[in-house]
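Student: Could you have a look at this structure, given as structure tokens, before my questions?
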Amino acid sequence: MRNDLETLKHIIDSSNRITFFTGAGVSVASGVPDFRSMGGLFDEISKDGLSPEYLLSRDYLEDDPEGFINFCHKRLLFVDTKPNIVHDWIAKLERNQQSLGVITQNIDGLHSDAGSQHVDELHGTLNRFYCNACHKSYTKSDVIDRTLKHCDNCGGAIRPDIVLYGEMLDQPTIIRSLNKIEHADTLVVLGSSLVVQPAAGLISNFKGDNLIIINKDRTPYDRDATLVIHDDMVSVVKSLMTE
């Protein structure tokens, strides 16, 4: 492990166009449940009788707007979550002009909360909301502080600005993400299984020098990586910062 940390530190220190790609594992340490792993949010809400995929779908929003709104308020508004050391480390490297930014599969908005400026949120963010009817914009604090569920302009359902099942990923976000990956000298993957498509397929466009994967479990890209660390990323980053 120590040799891996030394290699990681050397690569990070010698890179000046790092792109980060993050998944659910990064946010677990902040108290955000992993949507897919055992014991995660998907397992918890599937006990309610409807599939998690349906509860997070465009169909559910259209079939039962009230049910969808109530589900979002009950299950998705992570009020007390704060960035952890991994989010802070990524933001610091961007401030130091070593990083092109971060691409994330997460919807919790914690990268922005940590101070990262160049964040591409592939699946949207819970930091923004909008009316499903008239598209008036709302902030997360608007929704939480006022327990706001319906638009004060037209009465429509206020939904989070996330990509639901049955919706397309935002193409400008995909293009920016591809640009980050194609121009990176080092790509650091953190806390992602790299199996959820099409987001994970973006990794195949990396042509730089160093692909680093830090994840508890194996990924389909491990064999192509310069360095693979199967460990808890919070522990890895803490150790790295004390090297």
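Glycine is no exception: its Cβ is also placed from the backbone N, Cα and C atoms.
Pasting the relevant annotations from Swiss-Prot:
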type	residues	note
ACT_SITE	H123	active site, proton acceptor
BINDING	A24, F35, R36, Q105, I107, D108, H123, S192, S193, N215, D232	NAD(+) binding site
BINDING	F35, I107, D108	nicotinamide binding site
BINDING	C131, C134, C151, C154	Zn(2+) binding site
DOMAIN	1-243	domain 'Deacetylase sirtuin-type'
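I'd like to know what surrounds each of these features in this structure.
Tutor: According to DSSP, H123 (active site, proton acceptor) sits in a coil region rather than a helix or strand. Of all Cβ atoms in the protein chains displayed, 18 besides its own lie within 10 Å of the Cβ of H123 (active site, proton acceptor).
With a cut-off of 8 Å between CB atoms and residues at least 6 apart in sequence, the same chain places S27, S30, V32, F78, T81, T125, L126 near D108 (nicotinamide binding site), listed in sequence order. In the three-state DSSP reading, D108 (nicotinamide binding site) counts as coil.
If you take the C-beta of I107 (NAD(+) binding site) and look for same-chain residues 6 or more apart in sequence within under 8 angstroms, you find L76, E121, H123, G124, T125, L126, P160, I162.
C134 (Zn(2+) binding site) falls within neither a helix nor a strand when secondary structure is assigned with DSSP, and so counts as coil. Taking Cβ-Cβ distances under 8 Å and a sequence separation of 6 or more, the neighbours of C134 (Zn(2+) binding site) in its chain are C151, N153, C154, G156.
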Student: Looking only at Cβ atoms, how many others are within 10 Å of the one on S193 (NAD(+) binding site)?
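Tutor: Counting Cβ neighbours of S193 (NAD(+) binding site) within 10 Å gives 20.
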Student: By the count of other Cβ atoms within 10 Å, pick out the sparsest of the binding-site residues A24, C131, C151, C154.
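Tutor: Each of the binding-site residues A24, C131, C151, C154 was scored by Cβ atoms within 10 Å; lowest is C154.
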Student: Of all the binding-site residues given, namely A24, S193, D232, which is spatially nearest to C131 (Zn(2+) binding site) at the Cα level?
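Tutor: Answer for the nearest of the binding-site residues: A24.
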Student: I want the residues beyond C131, C134, C151, C154 whose C-beta is within 8 angstroms of the mean position of the Zn(2+) site's C-beta atoms, in chain order.
Tutor: N132, A133, H135, K136, D152, N153, G155, G156, I158
